[in-house]
Amino acid sequence: MNKYAKVVVSNNSNHTDELYTYKIPEFLIDEIKKGHRVLVPFGRGNKPIEAFVFEITSFEEINFKLKEIIDVIDEKPILKERDIEIIKWMREEYMCTFMDAINCMYPKGVRVDNYKVVKLVKEEFDDLEEREKHVLQELINNKRKIKLEYLKNKIGKGIESIVKKLKNRGLVDICWEYKSIKNEKYIYNISLNISNEEVDEIVKVLIKKRAFKQADVMNFLKNNPNIQLRDLMNLLNVSKQSIKSLQEKKLINIEKLNYYRKPKINYIVKNKKINLNEEQLNVLSKLKKTIYKENKKPFLLYGVTGSGKTEIYLNIIEEALKNDMDSIVLVPEISLTPQTIARFKNKFGDIIAVFHSKLSSGEKYDEYRRIKEGHAKIVIGARSALFAPFSNLGVIIIDEFHENSYKSEMNPKYNSIEVAKQIAKLENCILILGSATPPIEEYYKCKTGEYELLELKNRANNKEMPFIEVVDMKEELDNGNKSIFSKKLFEAIKENLESNNQIILFLNRRGYASFISCRKCGYIFKCLNCEISLTYHKIKNVGKCHYCGYEVVIPKECPECKSNYVKEFGIGTEKIEEEVKRYFKYAKVLRMDKDTTSKKGSHEEILNKFKNKEADILIGTQMIGKGLDFENVTLVGILSADMILNFPDFRSSERTFQIINQVAGRAGRAHLNGRVILQTYDTEHYAIKHALNYDYEGFYEDEIKIRNAFNYTPFNNLISVVVYGKNEKKVVDNTQKLYDSIIYILRKRGYEKYDFILGPNPCPISKINLNYRWQILLKDIDIEIKLLKSIIKYICIQKRELIFNKDINISIDINPFNTL
DNA sequence: AGCACGCCGACT
DNA sequence: GTCGGCGTGCTC
């Protein structure tokens, strides 16, 4: 019976994003399985390309002749059944191609090497031009076959037409060939299959048959019981054939070992027992109970800062290991969590694989292999670690799962939480989403019963959360204090410095000032490539664009009106540093933001310095808020909560609440009492009021009402379609066309109200890197999200050429984290 | 996308 | 005539 494979071809194109059917040749029928990588001839020229088998069928569906699969690439399938399910799901969910999703699962880089060759068919020199003869002669000299590329180098331009002419006369043939990259690296270990005593006898027989090489090998093996094939071939200068025939005579064993196979390690779990408190034990026992339960719900682990979530993670992973199950731990940004990683490594040692985005593709592949071969049982890393190829997944943990790094910014623009849920469902494994400030839409799912809520309400050391004092900056201004420090914060810094305690100052913006302008004519320094004002960096006296990296020296004179009234406005971490140094001359200050941590390892360096008390004050942006323990910090100053609050995004309240919570949690973690001072112009805002009391539940209740009233998530989905390109007019026209097409389809389907479509509008950042950006936002109000997606897919992907210009790009994001 | 093929102007 | 440049259309 004929068998057919439906495959996805490895081609970065929207036009080939479908399943292609190939006939499986006789010799591969038993070999090819779902998930295998294969080589198929594709296109008119039958170029051999890599493809992934998604289905195998045995009936003929199509009546035109099918091409045959050339070969399988790997010994074992690359994709598991559930990987294929996830790929299909991601393609639907995020409107990406099969290949976009496959690229998440399988490290790219090692791909098929293909090239065109010219083959000699007939030797006939009559009526040929000089250069044609030359080509023919080359072919005769080179075993009648030459790479086209090689000929191009030898002959130069015009080779294509020469070869074509030769082809038309039937003298040569042009076709594609490939060098198959078999990815598996093997070691062949050779040993005797007979006893040493028998060897001499055998050697005599071999010599009689004039098989001298084989005799050499046998003699060698008598003295060296174990050797690798490669070494044996080099040392004795024997061919593979000689060794093979020895194997056929059953005189030797050839053992195929995987290159990565190390001596099997028995992993040691260090039993430095930390006594869990009652709350933790309770949570843990609930988790353990579900390990073998069918149809698990995802767990939302709501644990206040310092409640010992990590300890729960370590324990449940240990439990999984006992049951021979693997675990995945996602952390927001690997470089920000050295302490967490250290704790995992301490406990589990060698069986941990670490995934960062900064691994080279080779390193990534090595880690991939380690996992695939079962040498790593735990992977810890950023969102890409989610796709680790474990065979028996038991637990997925997403730590600090409110962090927006879990949403991919690149195609496919997936949300790790959603993908994790999908994987957990298919693998029937435990999914733990841990946070001190869960996203509103996720916490909502506890209320609806989609998640099971686990709570850690107390800090492990039983310390109260530090008291947050709020300072109204409007009042400060009325009292004539124009500085960036309120009187209260100023006094507190002074006190803490005197008593030799450490201080953290938090501000959500790097640089010195948020913009630079001329006070006379109002000129504002802007990026040349982006529609964004430049941030002033005083140390280098430059204006920097935080979107494209553009930098320009700021002149004293206004380029517009030539006056001397150029001045910077707003505050950034650089300015805080300057002010602190001005007021507190003897304080030692460290600054941690994107500017001071660009070098590798500079992160840890700053943190270590601060931990070792080499500085009194740490000034920083968001990155100081991530799971760091500093015992001697007794004061945290949040300089301007408004900066986040006034951000033009529906999540800004939530972000504010989260950041205050995170940053405040840095104070007083050990024996000392902490104090937090929060400066804001908006003391009455509900996010700030609830944050002061660490009242997540209260904040949730207020926020969910707003989400409901304005049709935001979790009540509605949002789709953002951004149209961008270098030509502003084309961008505007194309966005309008997109809008018109959506309306046209909706009207045909009987819709009359279109108020769920916002736009077309320019994006809040209307130009980035010379690309003008326009946007249409759609919500699934009174319309099915599926329908909405299918309409957008139809217009933006399937009929793309009909509607959009060639130099126009489209970016579709389902439930984006921001709509800039 | 990326490749093959074909149509058309340019040039020995 | 034929070279090669680009436009067009298809990929099991």
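Placement of Cβ uses the backbone N, Cα and C atoms for every residue, glycine included.
These come from TrEMBL:
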DOMAIN    A:290-456  domain 'Helicase ATP-binding'
BINDING   A:CYS518, A:CYS521, A:CYS558, A:CYS561  Zn(2+) 1 binding site
BINDING   A:CYS527, A:CYS530, A:CYS545, A:CYS548  Zn(2+) 2 binding site
DOMAIN    A:553-707  domain 'Helicase C-terminal'
Any further residue of that chain within 8 Å (Cβ to the Cβ centroid of A:CYS527, A:CYS530, A:CYS545, A:CYS548) of the recorded Zn(2+) 2 site:
A:LEU528, A:ASN529, A:ILE532, A:LEU534, A:HIS546, A:TYR547, A:GLY549, A:TYR550, A:ILE768, A:ASN769
Shell list (Zn(2+) 1; ref centroid = CB of A:CYS518, A:CYS521, A:CYS558, A:CYS561; cutoff 8 A):
A:ARG519, A:LYS520, A:GLY522, A:TYR523, A:PRO559, A:GLU560, A:LYS562, A:SER563, A:TYR565, A:VAL566
Average pLDDT across the domain 'Helicase ATP-binding' (A:290-456)?
90
List, in sequence order, the same-chain residues at least six positions removed whose CB sits under 8 Å from that of A:CYS521 (Zn(2+) 1 binding site)?
A:CYS558, A:GLU560, A:CYS561, A:SER563
How many other Cβ atoms sit within 10 Å of the Cβ of A:CYS548 (Zn(2+) 2 binding site)?
17
For A:CYS527 (Zn(2+) 2 binding site), which residues in the same chain are close in space, meaning a Cβ under 8 Å from its Cβ, but six or more apart along the sequence?
A:SER533, A:LEU534, A:CYS545, A:TYR547, A:CYS548, A:TYR550
Hey, how far is A:CYS518 (Zn(2+) 1 binding site) from A:CYS530 (Zn(2+) 2 binding site), Cα to Cα, in Å?
20
At 10 angstroms around each C-beta, which of the binding-site residues A:CYS518, A:CYS530, A:CYS545, A:CYS558, A:CYS561 has the fewest other C-beta atoms nearby?
A:CYS561
